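Step one of this worksheet: look at the structure below.
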Amino acid sequence: MFQNADEVQKYVADNDVKFIDVRFCDLPGVMQHFTIPAATFDPAEELAFDGSSIRGFQAIHESDMALRADLSTARVDPFRRDKTININFFIHDPITGEQYSRDPRNIAKKAEAYLASTGIADTAYFGPEAEFYVFDNVRFQTSANESFYHIDSEAGAWNTGAVENNRGYKVRYKGGYFPAPPVDHFADLRAEISLELDKNGLQVERQHHEVGTAGQAEINYKFNTLLAAADDLMLFKYIVKNVAWRNGKTATFMPKPIFGDNGSGMHVHQSLWQGGSPLFYDEQGYAGLSDTARYYIGGILKHAPSLLAFTNPTVNSYHRLVPGFEAPVNMVYSQRNRSAAMRIPITGSNPKAKRVEFRAPDPSSNPYLAFSALLMAGLDGVKNKIEPAEPIDKDLYELAPEEHANVQQVPTSLPAVLDALEADNEYLQAGGVFTSDLIETWIDYKRTNEIAPIQLRPHPHEFELYFDI
């Protein structure tokens, strides 16, 4: 929105802006903020904050951190009562001035710089498709003597027998793909979200009800360069959640909130360009792919077990990555084939449209880390000319057992991918994009704050299995 400090100050004065919302991303991938009066904001000055209070950042004895504005990300907040401009910031060390190695936005910025330094390409485009659910009510709690969650939706398949306010037209389990209203209860809500996205610079291409019951949705918008695409995804989540909120609903990007129905994925489309020309197209190649594209795929598939530590980084992620729910559990590539983890969309003979789609990721990921890790894996494939296994153009869910045994499968748990990341991370550290400190911090954070607490707690289903044993 702005290119320099003068533009900011002029806009603030001319448009009666009251507040500047200072935003930065924590390590797990949740946007943080604090607000200052617009009249006191100097875009050229650093702002201080306590890094020890942010997940995955600093210890208390070295907690002071500095923020520097990225003015190109400025947007007027559509949800605040008083006129407010949201600006994303980079995090720096207040003493040395160096980029903070655990700042997700800095990592994405370094990934783009590393790409240019390789000479392979100068631009990487990313187009995520983040699915989500819309609910009317959600309750959850864990304590010493109870553990439960309860979700509800007017469109939920479980509400066909509801006594009050029931006019039928519920979305069946796995039956939500494309039915027209009144079965699609949320067409107007998605339209409202789409209009808000367009106002905020995200060009919507299509929106629809997804396969799952209870309002599962997908809204696609135009791709962008790596850092900008990650910023766009954070803005997308913010708008989806807040439009749902002001309509008395609640939206979640949790990968698997409903047992027995499809989870929410985040297919990520990717392409490399050099000097304004696309690098992934070759009309002579399989599915129109160039050697560069094929090697890029080879890098992602080779490093997939460790890569998933960033693209599928939660315990809940692996409730989605199971057979039977259209999840991409087979680590192969194929054209058109949605049962493959790496799909080559049919794009005709237009070189600019040629791209690869990695279907394993989910929207619980931190997009700055996930996109950076995908790029680093792909570049490792290009640099080392890593050939993927032969493409498979048949339904991978229906393979004979002897064929299926030869197909690499996704890891089945968060502990497994963290172990893989511990063993395979050199490709991430090329050019100093990911540091060993960041990788070690990520692994420790996930093991300590997510895996261990879940392992300590009895699951409600265990009572069904074992109470009367």
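Glycine is no exception: its Cβ is also placed from the backbone N, Cα and C atoms.
Take the ATP site that Swiss-Prot assigns to E205, Y221, K222, F223, H269, Q270, S271, R338, R343: the candidate from K256, K352 listed for it is K352. For the Mg(2+) 2 site, Swiss-Prot gives E210, E218; the one candidate out of E112, E131, E146, E283 that the record lists there too is E131.
Record note: Swiss-Prot gives N262, G263, R320, E326, R338 as L-glutamate-binding, and the candidate from R206, R294, R359 in that site is R359. Record check: Swiss-Prot places E129, H267 at the Mg(2+) 1 site, and the matching candidate among E45, E357, E387 is E357. Here the CA atom of R338 (L-glutamate binding site) lies 14 Å from the CA atom of E129 (Mg(2+) 1 binding site). The Cβ of H269 has fewer other Cβ atoms within 10 Å than any other of the binding-site residues H269, R359. Here the candidates are the binding-site residues E210, E218, E326, R359. The one whose C-alpha lies nearest to that of H269 (ATP binding site) is R359. Taking Y397 (O-AMP-tyrosine) as the reference point, the binding-site residues whose C-alpha atoms are within 10 Å of its C-alpha, out of E218, S271, E326, R343, are E326. Classification of K222 (ATP binding site) by DSSP places it in coil, neither helical nor stranded. Spatially, by CA atoms, the binding-site residues E131, E218, R338, R359 include one closest to S271 (ATP binding site), and that is R359. The least crowded of the binding-site residues E129, E205, N262, H267, E326, judged by other CB atoms within 10 A of its own CB, is E205. If you take the Cα of R338 (L-glutamate binding site) and the Cα of K222 (ATP binding site), they are about 21 angstrom apart, rounded to a whole number.
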